[in-house]
Every structure is written in C-alpha cells, then in structure tokens.
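Colleague: One structure, pasted below without further comment.
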Amino acid sequence: MADIRELWDDVARSVAFLSRIPVPDRYFHGYDGGLGRAVRAFPLAAILITLPAAAIAFILGALHASSLFSAFLVVAVQAMVTGALHEDGLGDTADGFGGGRDRESALEIMKDSRIGTYGAVALILSFGLRVSALAAFLPLLTPTGGGIALLATAALSRAAMVWHWSRLPPARRGGVAASAGIPEPGATSVALGSGVLLALVLFFLAGIPTVAVWLSFAAFGLAVPGFTRIASRKLGGHTGDTIGATQQLTEVAVLGALALAI
C-alpha cells in the first residue's frame, strides 16, 4: 500500500508540474520540489491531463462536427490545460537554436521571455501540423477511438521528455530543470516502459491499424534521440525549454505518423 501511495503522490505532483490542473496541498507536505523519482509517473499524469481534450474529441466526433474545427478545439484545450508549457519551451528553444551564435548566446536568448521569429515559426508549424494531422485521422476512427488515440500520444510524448531529460546534463545551473533534479535511472526506466506499454494498449483499444502503430513508434524512436543529439551539440545539455520542446516534437511526429498510416 505504501508503494501505491507513493506512486499516486508522484502522479499528483507530475500533474501539478505539467499542467494548470489544481492539485490538493496534501500532496506537497514535506516535498522538496525534486522530480527525480516523480518522473516515473509522467505517462500516467499525461493521460489525466489529456482527458479533457480526449472528451472534446469524443463529443465532437459523436456529433459529426467538422474535422478541422474538432482538431483546432482539441489542440486549444490541450494548450489551455497545460498553460502552453510545452509550447513555450518549443518557442524558446527554436529562438535559441536559430539565433544563438554559440552556446552562451543560445542560452541567453532562451531565457528571454519575448518570442522571436524562429520561435513564432516553430509554434505556427507545431499547431498547424498537429491540427492538420488530427483533422486527417480523427474522422477515420470512432469517437471513442479518437479520444483514446490522444491519450496514447500523450503518454508517449511525456515518456520522451523523461528520456531527453535523463540523457543530458543540465545546460545551466539554476534553471527549472536543474532545480528539479535528474531523473533517477529506475524512474526513467519505469517512465519509458509504462509510456510505451500504455501507448501500445491504448492504440490497440483505439482501433489503430498495426502499420500505423509501428510507424508511430518509429517516429517516436527517431524524433527523440535526434532532437536530443541536436540539443547536446548546441547546448551541451538540457534545459526546461528543451524538455518541453521534446514533448512538442514527439507529439508532432507521432500524430503525423498516424495521419500518414491510418
């Protein structure tokens, strides 16, 4: 029972970290703010965080609403629930990578709250690609299947965050990611294993064709290490922004794969 209670504490803390969903104070009594162990719950927390968007997809699918309108609303709800946390990371990362002449200038740009050209373009592409991918495949699934596919994608994208986080050292001291700690090896394994397993089961329940499932996992397997190598070359480590960007890029890759193969 103690292990289950600790896992649920980690789920609650992960939900608080990854979203704007209110979490009761009792989960934070005596908590030091570290996420080294709590990251194991990221995939489970992702499913809870994505339930509102999945419900919207189900309702609009059952009402036979326009696929483009449904896709826009689903992405909008996701951004509202998370407070656009991951989108902010993608925008800052794009500005830093695109405008930074070297490591130091890239990190300095990423600290600037103002959005630049590279960040704006990255966000337009992220929203556009996710909306177009959802509009392409949601009408081909049942309303229930569409909602479940969103949950599967969410679990994979948050597992990707943990992998990126664990593979690189902090690029700077005092950042959000550095203060949250480094994922414990066991927690990283649990996050990756549970993320992949949950996604596999949920894709099956959603009625996703086998070829689409494997293509989505291939996209996951290419996007996450690929971006991590770029971050290592550009910054020599991770930041909170690159962790958020990992989530966005993984979601785009997986949704794009589903749109191509379903």
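Cβ atoms here come from the backbone N, Cα and C positions, even for glycine.
Here the structure is a predicted model, which means the values were calculated and not measured.
Pulled the feature table from Swiss-Prot, pasting it below:
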- 41-61: transmembrane segment (TRANSMEM)
- 65-85: transmembrane segment (TRANSMEM)
- 115-132: transmembrane segment (TRANSMEM)
- 134-156: transmembrane segment (TRANSMEM)
- 195-215: transmembrane segment (TRANSMEM)
Colleague: Hey, which of 115-132, 134-156, 195-215 has the most Cβ-Cβ pairs under 8 Å against the transmembrane segment (65-85)?
Modeller: 134-156
Colleague: So which of 41-61, 115-132, 134-156 is most in touch with the transmembrane segment (195-215), counting Cβ pairs under 8 Å?
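Modeller: Looking only at 41-61, 115-132, 134-156, the most contacts with the transmembrane segment (195-215) come from 134-156.
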